[in-house]
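> Sending over a structure as structure tokens; questions will come in a sec.
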Amino acid sequence: MSDIQAATAEEQPDAAAPEPRHNAKRDKPRSLAADAWADLRRNKIFWVAAVLVVIIVTMAIFPSLFTSANPRACTLSRQHSGPTGSAFFGYDFQGCDVYARTIYGARASVEVGVLATLLSGVIGLIFGLSAGYFGRWVDAVLSRFIDIVLGVPFLLAAIVLAKRLSQDPQNNGVVAVIVTLGVLGWTSAARIMRSSVIAAKNQDYVAAARMLGAGPARLMMRHILPNSIASFIVVLTILLGINIASEATLSFLGIGLKGDAISWGIAISEAGPYVRVAPTPLIWPSVFLAVTVLAFIMLGDAVRDAFDPKLR
Amino acid sequence: MFRYIVRRLLQMVLTFFGATFLLYALVFANQEDPIQALAGERPITQNVRQVLTERYHLDDPFLTQYWYYMKGLLTGDFGTSLTGRSISDMMAQAWPTTIRLALMAIIIAATVAIVAGVISGIRRGSIFDNVTLVLTLVILSLPIVVLAPLTQLIFGIKLGWFPPTTGADPGFFKLLMPALVLGSLVVATELRVTRTSVAENLRSDYVRTARAKGLSRQRVIGVHVLRNSLIPVITLIGVDIGQLMAGAIVTEQVFNIPGVGFNLFRGIRTEDGPLVVGFVSILVIIFLVVNLLVDLLYAALDPRIRYE
């Protein structure tokens, strides 16, 4: 997972000459967010990604807008039969409507992706903020702990953790996957947060606020956090895409979602053995999964370009 | 340099204990009756229960159990799987295939990444550069669970260019497609890093000096730029070993390659706890050692960096 962040962080935009602004003088001084938004609005990749993300999220929340078929209504007699009526993609091994199941599969991906990223964000924020702000031994202990978590290859740790968390066969494993991905994915976000907090806390405005008598809580929340959160949010956006891919991988391996859960990872794994006879149940969930991950990573890329002041 | 090595080793020891402890605690702490799990539905006599409890130290406190586990790990005894086979034996059988696959993947990925990365680093903003950037973005977004089955379907089954599955003791050609899939996991990152560092080094003072001395373009790029640009890429290849391990689990399963990942996948599916922990522990150790070696190599390659 961290490779994507490394890749995107290493990349520099081509040094395109900034367009001369005719109304530069009339512009009011803009905040970082307003500036970033102005940048984003001109970015085509951002719009493509945003439209895709909106479609996918709509699909996750209201799957019935896209299909009226019941994804759980499977009839074995329709096994591997071709497209009919509303079942555009035909039927799978169990005789389920592939189109309906692919549409309904968005929910698990988005749900797991968003919640796991939020969990990672909370953990990363707490770790990064306290390591960066308090420094000294707090930083040493927390940084070593981050090193240990980073020292374990992500998927291997996820296999063990997800297996441990989802021992109840009644449960479809959503919570277990969210916790697994959330608990393992926060490290790079914490590191980014830590370094931007360290950079922000030595600024003059923080010293000024401290001299005016602001306590640590106020300093952190009102002064340091707003000025150091940009790159943290960017990392989280990219993490969202990675988490969706990881959910599919875990489900594919049989330790993610299970039971009667509908997930692209499960669909790919189940279609695998029959791929010679019926490739469509494999192809469509794969395409949807790839496009979803691509959309979120493109969004993260665009947001990073807009927010990272070094790249301007 | 010596102090750096010592500090790095101490850090690794800490990480090693931390990681194995987390792993062990996750799998074995507070588990339900493992003896009953071993026996399944059948009843167990008191005698058997007692023998098993003693053999596996189930009555001892958690830390003592961890100690026994560590002793096993450090003396090369990784325990036995639930099917009764020694995990070290299974490892020894599975390794050659996986190493062959991983080496092929690393070499393919590194070659493609370095060649394409250098070209797009030199010609920034060209069509080639833009196309590679878009391609790397697409490859980065293709999860291995999508890439492996689709490649198998398209190139193995529909087009028939490669054998769709490999089977026991695969040769070079049979492993080519899985190695390409596995390599594509890491190629995008490596390519982007090569591109950035080539572009950066092209602007540096020593390149200007070399040009001013009248050296040919080939020599400036081939010797001066390339050597300095490869340093971050080599570190990255070390970190990527973790990615490759994860990718190998899915790839080996999809292409039916009897390697480490294949065994691990089967262990997960058959709920074989000891096998999973044993394999994962070994993989974690390998990951830590490789990263240590790469870090040392990094220090040796780049004399500008002082580790104090």
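The count begins at 1 with the first shown residue.
Each Cβ is built from the backbone N, Cα and C atoms, and glycine gets one as well.
For A:1-18, the entry in TrEMBL reads compositional bias 'Low complexity'. What TrEMBL lists as region 'Disordered' is A:1-28. Look at TrEMBL and you will find A:45-66, A:112-134, A:141-162, A:174-193, A:224-245, A:282-303 tagged as transmembrane segment. The domain 'ABC transmembrane type-1' annotation in TrEMBL covers A:106-300.
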> Under a Cβ pair cut-off of under 8 Å, which of the recorded stretches A:112-134, A:141-162, A:282-303 contacts the transmembrane segment (A:45-66) most often?
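Between the candidates A:112-134, A:141-162, A:282-303, the best contact partner of the transmembrane segment (A:45-66) is A:282-303.
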> Take the transmembrane segment (A:112-134) and find every residue of the same chain, 6 or more past its ends, with a Cβ under 8 Å from one of its Cβ atoms.
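Sequence-distant neighbours of the transmembrane segment (A:112-134): 142-143, 145-146, 174, 177-183, 185-198, 201, 216, 219-220, 224-225, 228, 232, 236, 239-241, 243-244, 247, 257, 296.
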> Same-chain Cβ contacts of the transmembrane segment (A:224-245) under 8 Å, 6 or more residues past its ends?
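Cβ under 8 Å, 6 or more out: 1, 4-5, 8, 32, 36, 109-110, 112-114, 116-117, 120-121, 124-125, 128-129, 132-133, 181, 185, 188-189, 192-193, 196-197, 199-201, 203, 206, 289, 292-297, 299-301, 303-304, 307-308.
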> In terms of Cβ proximity under 8 Å, which residues at least six beyond the ends of the transmembrane segment (A:174-193) contact it?
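Residues packing against the transmembrane segment (A:174-193) from afar: 1-2, 5, 108, 111-112, 115-121, 123-125, 127-129, 131-132, 142, 146, 149-150, 154, 157-158, 161-162, 165-166, 228-229, 231-232, 235-236, 239, 242-243, 246-247, 250-251, 256-257, 261.
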